[in-house]
Every structure is written in C-alpha cells, then in structure tokens.
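**Q** Have a look at this one before I ask anything.
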Amino acid sequence: MESSGLRAPCSLLVLLSALVLPPTLAIEVYTDREVYGTVGSRVTLSCSFWSSEWISDDVSVTWHYQPDHSREMYSIFHYAKGQPSIDAGVFKDRIEWVGSPKWKDASIVLHNLELIDNGTFTCDVKNPPDVVGKSSYVHLQVQEKGAARAGLVLGIIIAVALALVIVVTILILLIRYCWLRRQVRVQRELSALERGKLHKAKDSSKRSSRQTPILYAMLDQTRGKASEKKGKGGIGDSRKDRK
C-alpha cells in the first residue's frame with residue numbers, strides 16, 4: 001500500500017516536469033559540401049552553427065580530417081575556452097582560425113595546399129548545455145594549377161558553345177516567327193483581293209442585269225424605226241409603179 005502511494009506522487013512529478021521543462025533542442029552545424037583549391041593556394045573551410053542556448057564561454061569547436069581512400073580520422077584543430085590550438089600532423093602551421101563563436105562562426109583556413117590534402121573535413125561544435133547534434137562535413141579537392149586552368153578553359157568553351165546554341169535557337173525562332181507573320185499577312189491580303197474581285201463581279205453582274213432590258217428596248221426601237229422606214233419606202237415605190 002505504501003509503495004503504491006509513493007508511486008503516484010513520483011509519476012505526477014515526472015508528468016509535471018515533462019510539461020513544464022522545455023524540450024532539448026539539438027545544435028545544428030552547417031558547412032559546404034564541396035570545396036576546390038589549387039596546389040600552393042589557400043582555401044577557407046566555412047562552418048556555421050545554430051544553438052538554442054546563449055553562446056557560453058564553454059563553447060568548443062573541433063575539426064577532424066579523413067584522407068581520401070582512408071578510414072582513419074585525425075583531429076587537426078580544437079577551440080576551447082577562447083583559445084585555438086592546432087594539433088600535430090600534416091596541417092601543422094598551415095591552419096588559421098578565422099571563426100568567431102559569438103557570431104556562430106567556426107571557420108578555418110588551410111594554407112599552402114597540397115595534393116595529399118584531398119579528403120573530408122568535419123566540423124563539430126558544442127555549446128553546453130546544448131551538446132546534442134550532428135557534425136557537418138565538407139570535401140576538399142586539390143588540383144594542379146594546369147589542371148585547374150584546363151578545367152577553366154574547358155568551362156569557358158562549354159559556356160561559349162551553350163551561348164552560341166542559345167543565340168542560334170533564338171534567331172531561328174525569330175526568323176520562323178517573322179516568316180509565319182508574313183505568311184499570315186500575305187494570306188490576309190490575298191483574301192482581301194479575292195473579296196474585292198467577288199464584289200466587283202457582283203456589281204458588274206448587277207449592272208449588266210440592269211442594262212440588258214435597256215438594250216433590248218433600244219433594239220426594239222431601232223427595229224421599229226427600221227420597219228417603218230421600210231414600209232414608207234415600199235409605199236413610195238408602189239406609187240411610182242402606178243404612174
């Protein structure tokens with residue numbers, strides 16, 4: 001009986017704590033997915049984060065590196081208590097801290113890039129008590145200067161070719177549009193001419209139909225006059241014969 005009586009207040013406390021206490025939000029880290037560089041140059045590995053808590057003095061940043069074709073991961077940089085530290089390794093004296101935790105920035109710069117630097121870099125940020133979250137990674141690809149220039153030239157050639165294709169396509173469409181418009185205009189003019197011819201033909205037919213009775217009347221008059229003249233001429237001849 002006593003145990004059941006104790007369980008009820010405990011369960012009630014758990015329920016109240018679940019309702020009153022805010023849920024824990026995971027810290028979110030963001031990086032680029034791919035970064036390119038050339039031998040001897042430098043590249044910035046950008047890393048930003050978002051935390052539901054105020055940025056405390058206990059915020060920490062850790063960068064790890066995993067070479068291509070390798071399963072091993074190395075710690076190359078660490079920031080804690082306001083102090084950056086570079087771990088011993090291939091990036092010793094080649095890493096520069098350019099981040100600012102107050103501005104939620106955890107970026108670093110790699111100097112004097114080499115071909116062996118190709119690999120995946122992981123950025124991990126902790127802001128106690130907000131320590132739950134996933135790291136973000138960025139892949140670095142280092143190329144020779146000649147290869148980079150060749151890639152740049154190839155990209156320019158492809159861009160120019162695409163631009164030419166677009167221009168030619170636009171010209172073809174414009175020519176086709178103008179041709180179709182001209183055809184429509186010509187058809188309209190022809191139809192207008194045909195309508196005018198039909199109208200003239202109708203008018204002429206009406207006029208001819210109106211003039212036909214007049215012509216017939218004129219012919220009848222001329223025929224009557226001719227017959228009268230013939231009649232008069234016949235009477236005169238007969239009188240002459242009688243004399």
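Positions of Cβ are set from backbone N, Cα and C atoms, glycine also.
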**Q** Regarding the disulphide bond with C123, report which of C47, C178 Swiss-Prot records as its partner.
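**A** Checking Swiss-Prot, the candidate bonded to C123 through a disulfide is C47.
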**Q** Over the topological domain 'Extracellular' (27-154), work out the mean pLDDT and round it to an integer.
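**A** Computed over the topological domain 'Extracellular' (27-154), the mean pLDDT is 93 on the 0 to 100 scale.
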